[in-house]
């Protein structure tokens, strides 16, 4: 179990309060699909993913990105029980969707990049460390069913 300090929780919550879930979520998922094109195989039903502009403008990518980032909002509310919080999603991604666990970390890294882009002044090394810890912990929680 990952332990978050009071300072880390406060840092994550303070930035989260400013996040536009639709924008950051959509950009994060789009970056994942562009930078790591093999991840597109998990999104066959999303239609046209043949180019960067098609991915960035795809409404299904944006909608699913928002959904993914909303789950991070849930994680922030339950930072002391991420495995429990993500148990159902872990089962879904393992048993039905067959998503390879390393992809969770890749998406977490995309979220960090987009947050740094949108909040450059506030995304200090300390803020990055807190968010990196959270994205890694969420990735581990999502991969829990695989073990």
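Cβ from N, Cα, C; glycine included.
Under a cutoff of 8 A between CB atoms, and with a sequence separation of 6+ in the same chain, the neighbours of residue 64 (heme b binding site) are 25, 29, 43, 46. Look at Swiss-Prot and you will find 64, 93 tagged as heme b binding site, backed by sequence analysis.
The domain 'Globin' annotation in Swiss-Prot covers 3-147 and is backed by sequence analysis. DSSP places the residues of the domain 'Globin' (3-147) in helix, strand and coil in these numbers: 113 helix, 0 strand, 32 coil.
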